[in-house]
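First the structure, in the form of structure tokens, and then the observations on it.
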Amino acid sequence: MENAVLQKRKPILKIGILSISTLLTAAGAVSGAVPAMVKQFSTHSQSSVQALITIPSIAMMIFVLLSTFFIKILGKRRTVLLGLIVGLIGGITPFFTNNFTLIEIARFLFGAGNGLYSSSTVSLISDLYEGDEQRNLLGIQSAISTLGNSLATFIAGILLGAGWHNAYLVYLVFIPIIILFSIGYNKDVEKSIVATNREKASVESGKKEKKLPLKAFLAIILAFLYFNAIMALSTDSGLAIAQLKLSNSGMLSTGLAIAGIVGGFITMLYGPIYKVLKHYTPVVIMFMGTIGFIGMAYSKNMWMFSIFMVIVSSTSLIFPYIYGAVMEDVPVSSKDFAISIAKVFNNFGAFLSPYTLVLLGKVFNHGDAVSELIIAGILMLVIGIAFLLLAFSRNKDLVNKSDKEEA
């Protein structure tokens, strides 16, 4: 077996690990097929057909939590491959059938497969890399997830021209991903990582670091609140444009697409950005989100609205920071479980977002779409202040640690 240090320098290993994020958030890539499927399945309600897009999210939340147990039994490599294969089967099955129940099961399988390897998209980077290299890869991983979804949606849209069944062929992309991961993350690499993690776990077993898990938990809670706020970008933008009576409202879809792509590319720069801002990175990100949402609420034209959407979308930089903070704070033995919890909280936050914004709107007696954008901006400001306090606490811990070492 090659030395692990040499193995992790191999580009194919990085490509293999990063590739598994390509279709991680692509459950909605086939949403363009819904209108045609509503006509096809006229005996089913429209909401039942629309639910085919959200069923994977439910399955994903369940299997993100179960993935920890699969990893203990099968190991991380086999669990990821199992997830990718299940995702492939669930993804392409609708191409072969007109049975609605079977399509529902297939969509659940797609989400279950993605859930099985979701936490590994982050933890594998932590297993192999440290410091600046880890942060750079976390930024790229998050960007690939965003850009992969955009690319999958684009390809599915083209395939849709030949019938709604064909849109599901986009999930054949799982095949090269499976090949790349199998080759890049081979059995020898996994054996080396398992041995290294066991050594780290044995060293940490004698340490009592109660403060670190608390900071990780707080970061996860703040990410949960972030998802409650950020979903307003998708759910309230259209209504806000109508309320503001902006012309060229047809630019919204294009603006959202551009915002997502720009946000993905900005996320790639996470490593260099963190080098400068350190633990103040999420503080700056959240303040940008506040400016973006408030700017959207007071935009005078679609160009201004679109520019502020891009600013809000750039807050996706928070993802690599959160996962990096969790991996930094949590012991090796608890890392996979902690990342799984973070993923579940993120999805749950996104699910609750419309209800949270409506509830806060009622509290402040402002329930319209523009007000919800402002509320989302205020929520990001609160999150930013909380991250600022956490940054002060982390810096204080570093100073105390330095003083002890000098003593």
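Please read every residue number as a count from 1 along the shown chain.
A Cβ is built for glycine as well, from the same backbone N, Cα and C atoms used for every other residue.
As given in TrEMBL:
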- 1-394: domain 'Major facilitator superfamily (MFS) profile' (DOMAIN)
- 12-37: transmembrane segment (TRANSMEM)
- 49-71: transmembrane segment (TRANSMEM)
- 78-96: transmembrane segment (TRANSMEM)
- 168-185: transmembrane segment (TRANSMEM)
- 216-234: transmembrane segment (TRANSMEM)
- 254-273: transmembrane segment (TRANSMEM)
- 280-298: transmembrane segment (TRANSMEM)
- 304-323: transmembrane segment (TRANSMEM)
- 344-361: transmembrane segment (TRANSMEM)
- 373-392: transmembrane segment (TRANSMEM)
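Long-range contacts of the transmembrane segment (304-323) within the same chain, counting only residues at least 6 positions beyond its ends with a Cβ under 8 Å from a Cβ of the stretch, are 122, 135, 138-139, 141-142, 146, 219-220, 222-223, 226, 230, 233, 237, 241, 244, 246, 251, 255-256, 258-260, 262-264, 266-267, 270, 273-274, 281-282, 285-286, 288-289, 291-293, 295-296, 339, 342, 380. If you look at the transmembrane segment (12-37), the same-chain residues 6 or more away from its ends with a CB under 8 A from one of its CBs are 49-50, 52-53, 56-57, 60, 80, 84, 87, 91, 94, 107, 110-111, 114, 117-118, 120-121, 124-125, 128, 137, 140-142, 144-146, 148-149, 152-153, 155-157, 160, 163-164, 167-168, 170-171, 173-174, 176-177, 180-185, 189. Taking Cβ pairs closer than 8 Å, the transmembrane segment (373-392) reaches residues 215, 218-219, 222, 225-226, 228-230, 232-233, 236, 240, 278-280, 282-283, 285-287, 289-294, 296-297, 315, 357, 360-361, 364, 366 in its own chain, all 6 or more past its ends. Most Cβ pairs under 8 A with the transmembrane segment (168-185) among the ranges 78-96, 216-234, 280-298, 344-361 are made by 78-96. Per-stretch counts of Cβ pairs under 8 Å to the transmembrane segment (216-234) identify 344-361 as the leading one among 78-96, 280-298, 344-361. Mean pLDDT, taken over the domain 'Major facilitator superfamily (MFS) profile' (1-394), works out to 87 on the 0 to 100 scale.
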